[in-house]
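Shown next, in structure tokens, is the structure this report addresses.
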Amino acid sequence: MALTPARERDPNDPYFQRVFTVANAVTLLRFGLLVPVCWLVVTGADGSWVPVILLAVWASTDWIDGVLARALHQESRLGEVLDPIADRIGIIGVTLSLAIAGVVEWWILAVIFGMDVLAVVFAGREARDGSIHVSWLGKIRTALLLLAIVVLLLGHTVVPWAAPIGMTLLLVGTGLHIIAAVDYMLKARRLRLVQTGTTTATTTNREPR
């Protein structure tokens, strides 16, 4: 995560005003596709490309919404908030479905979910107010996890030899997920220390001499 000052809420700033954009619509589509994707994973359509294709389309929206936002100049605070939420819910939902289907070990799901919970508890406020943004490490982590679950499902349904490749990608992605979450929490802690120090210094300067 990158550490930056929180953007001042200006009601006239398009960054805060934009809601109904093409990029945000794609992000919402990712939420809508999640239910049928998870259902197809759990029911285990062996020999069918349908769940693989649907999952690949769902995963690709993580890249498409960002490209559209930049290309159409539709960056928005809503999109910045929705995108990582869609990522986290989606990855956990699909991983849970893969665990139910017996494709993924439950401990992997526990690690991914546990680190997300810790990140929300210890750095959620800073993320919400825009003080912390997604870093390249976080983006690589997310891309790797998305690729891993697609390859895993591919191996589970139509291409058996892809399964070990998908599992390797998932393990590496889980490791990066731990590192990214810890980095997220450390930066949030550092930001709080800076803010506390600034507040203390301001209070001290205002005290009568």
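Backbone N, Cα and C define each Cβ position, glycine as well.
Summarising the annotation, TrEMBL assigns transmembrane segment to 21-42 (among others).
Per TrEMBL, the feature transmembrane segment maps to 48-69 (among others). Cβ atoms under 8 Å from those of the transmembrane segment (48-69) belong to residues 21-24, 26-27, 29-30, 33-34, 36-37, 40-41, 75-76, 79, 83, 86-87, 90, 94, 142-143, 146-147, 149-150, 153-154, 157-158 of the same chain, restricted to positions at least 6 beyond its ends.
Residues 24, 27-28, 30-31, 34, 37-39, 41-42, 55, 58, 62, 65-66, 106, 108-109, 112-113, 116, 127-128, 134, 142, 145-146, 149, 152-153, 156 of the same chain, all 6+ positions outside the transmembrane segment (81-100), place their C-beta atoms under 8 angstroms from a C-beta of that stretch. Residues annotated as transmembrane segment in TrEMBL: 81-100 (among others).
Summarising the annotation, TrEMBL assigns transmembrane segment to 136-155 (among others). With a cut-off of 8 Å between Cβ atoms, the residues of this chain six or more beyond the transmembrane segment (136-155) that come close are 1, 41, 51-52, 55-56, 59, 62-63, 87, 91, 94-95, 98, 103-104, 112, 161-167, 169-170, 172-174, 176-177, 179-180, 183-184.
Listed by sequence, the residues of this chain that lie at least six past the ends of the transmembrane segment (161-182) yet keep a Cβ under 8 A from its Cβ atoms are 1, 103-104, 108, 111-112, 115-116, 118-119, 135, 137-138, 140-141, 144-145, 147-155. Positions annotated as transmembrane segment by TrEMBL: 161-182 (among others).
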